[in-house]
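**Student:** Annotations per TrEMBL:
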type	residues	note
COMPBIAS	200-211	compositional bias 'Low complexity'
COMPBIAS	223-232	compositional bias 'Polar residues'
REGION	200-234	region 'Disordered'
TRANSMEM	20-48	transmembrane segment
TRANSMEM	54-75	transmembrane segment
TRANSMEM	87-108	transmembrane segment
TRANSMEM	114-132	transmembrane segment
TRANSMEM	137-156	transmembrane segment
TRANSMEM	168-191	transmembrane segment
Amino acid sequence: MRREQLGRAWTRSPRQVDPLSWFTGPWIAVTMGIVSAAQAVLTTLVFWERWTLPTLQLAAIMFFVAAAALTAAATRADRADLSVARGAGVLAVAIGGLALSAAGSAGGSVPVELWWAPTAVGIALGSLSPFISARRALGYAGATLAAAALLAVYAYGDDSILSSVGSALIAVSPIVIAAVGSVVFCSTLVARTSRMQAQSQSTSASASTSTLAPAGEPRAQPETRTSVSRPPSATIARVGAQTVPFLRDIANAGVITDADRTRAAHLARELRVELVTTACRSWLDVLAHDTALVVSDPARLADGMNDDQRAALRGVLQDMLANSVVDRESLLIELRAQADGATEVALSLEVDLPEGRRVAMLAPYYLTLKDTVEDLAWTDGRSVRFTFRIPQVPTPQTPSPLSS
C-alpha cells in the first residue's frame, strides 16, 4: 500500500486526485500571467536605456502572455487532462520569449540578477503544477533549465568560463526554485490527498461492514463479480405472471392434457428467450430498459467498470433522467473498446439552458465522474457531449497451490 501511494504521488496530478479544488484552475494561470507581465513590464521600463534592444523585451513579454493564455485554455474544466504535448507547448512558447529577451539583453548593461525573463519562465512552469504530475514536472524542469542555461550564457557569458557559468547559475535560479516548488507541491498534495481518501474509504467500509453483520457472526466477504447479469425483479415478475397461473390451473385440474403440454412448451420457449436476453444485457442495458436512455454497448464493456465507476455513472444518468431541463429522448451513451484495453465512453444529451446556467448544471456531473475516470472533457452548447476513458482494470492473480 505504501509503495502504491508513493507511485500515485509521482504519477498523478493534484487536479486528478482533487478535481473540486482545481475546478477554477484557469484563473491560476491568468493570475500568474498577470504577475509575470507586471514584473516584466516594470523591469523593462526601469532599465529601458540599458537594454541592447528594448523592443525585443516588449516582444518577449507578449510570448509570456501567450503562454499564460494557452495554459488557461488548456486547463479549463471542460477540457481533458493536460497532455504532455500541450504542457510542452506552453513551455516552448515561454522559452521562445526567453530567447527574444536574451537577444535583446546580449551586450547590454542590465545585471543578470535583474533579468526578468527567467523569473517569467519559472512562473510559467509553476502555473502548470496543479495540472501535471511530479514526474512530469521534473521532466519539464530539466528541459527548461537546459534551454535557459544556454540562453543565459549567450546573453551574459564572456571569455571566462567561470564567469559564464556563474551568470548561468544566477539566471536559472528562479527556474530552479519554481521546479523544486512544483515537484514538492505536486507530490506532497497528491500523497496527502490520496492518504486521506484511502482512510475515508477504509473507515466507511469498516462502518458499513460492522453495521450490516450481526454480532457474533462472521462478516460477509465481498462478492466476486461474474460476467453473468442477474435477472432484475421486473423480469422475475413477468416470468411469474406467465407461469404461476398456468401451474395453478394444472394443479386444480389434476390432469395434464395435450393442450397443456403444447402450452408448456410455448411458455418454456418464451421464458428461455426472456432470460437469455436479460442475461446478455449489461447493467447499463438493464438501467435503460424502462427509460428513454439509449445504450450502445455491443461488447458489454459496462460490466468491466469497477464499483466506484458504476456508482458514479449510474448516479449521473439517473439524475439526468430526473432533471426537467434535460431532453430525456436525447440521452445516448456509447462505449467502445480501445487498443490499450481501456474503454472510450461518450455521453450525449441536450440541455435547454443559457450558457451560465448550463455550466452550473453540468458542474456536479463533471465532478462526480472526474474522480473515477480519465481524460474527462465536454463540448459545451445546447447539445452537450461528455467523453472520457475508463482504464483497463488489472485482473487479480490468484496464487498457485504449488507456490504454498
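From the backbone N, Cα and C atoms, a Cβ is placed for every residue, glycine too.
TrEMBL does not curate its annotations; it predicts them automatically.
Predicted, not measured: the structure shown is a model, and the values here were computed from it.
Just tell me what is around each of these and how deep it sits.
**Tutor:** Listed as Cβ neighbours of the transmembrane segment (114-132) (distance under 8 Å, sequence separation of 6 or more from its ends, same chain) are residues 13-15, 22, 25, 28-29, 32-33, 35-36, 39-40, 43-44, 47, 60, 64, 67-68, 71, 74-75, 81-82, 87, 90-91, 94-95, 97-98, 101-102, 105, 140-141, 144, 148, 152, 155-156, 171-175, 177-179, 181-182, 185-186.
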**Student:** May I ask for the residues of the chain that lie six or more residues beyond the transmembrane segment (137-156) and have a Cβ under 8 Å from a Cβ within it?
**Tutor:** 87-88, 91, 94-95, 98-99, 101-103, 105-106, 112, 115, 118, 121, 125, 128-129, 164, 167-168, 170-172, 175-176, 178-179, 182-183, 186
**Student:** State the non-local partners of the transmembrane segment (54-75) in its own chain: residues 6+ outside its ends, Cβ under 8 Å from one of its Cβ atoms.
**Tutor:** 15, 25-30, 32-34, 36-37, 40-41, 44, 48, 82, 86-87, 89-91, 93-94, 96-98, 100-101, 103-105, 117, 120, 123-124, 127-128, 130-131
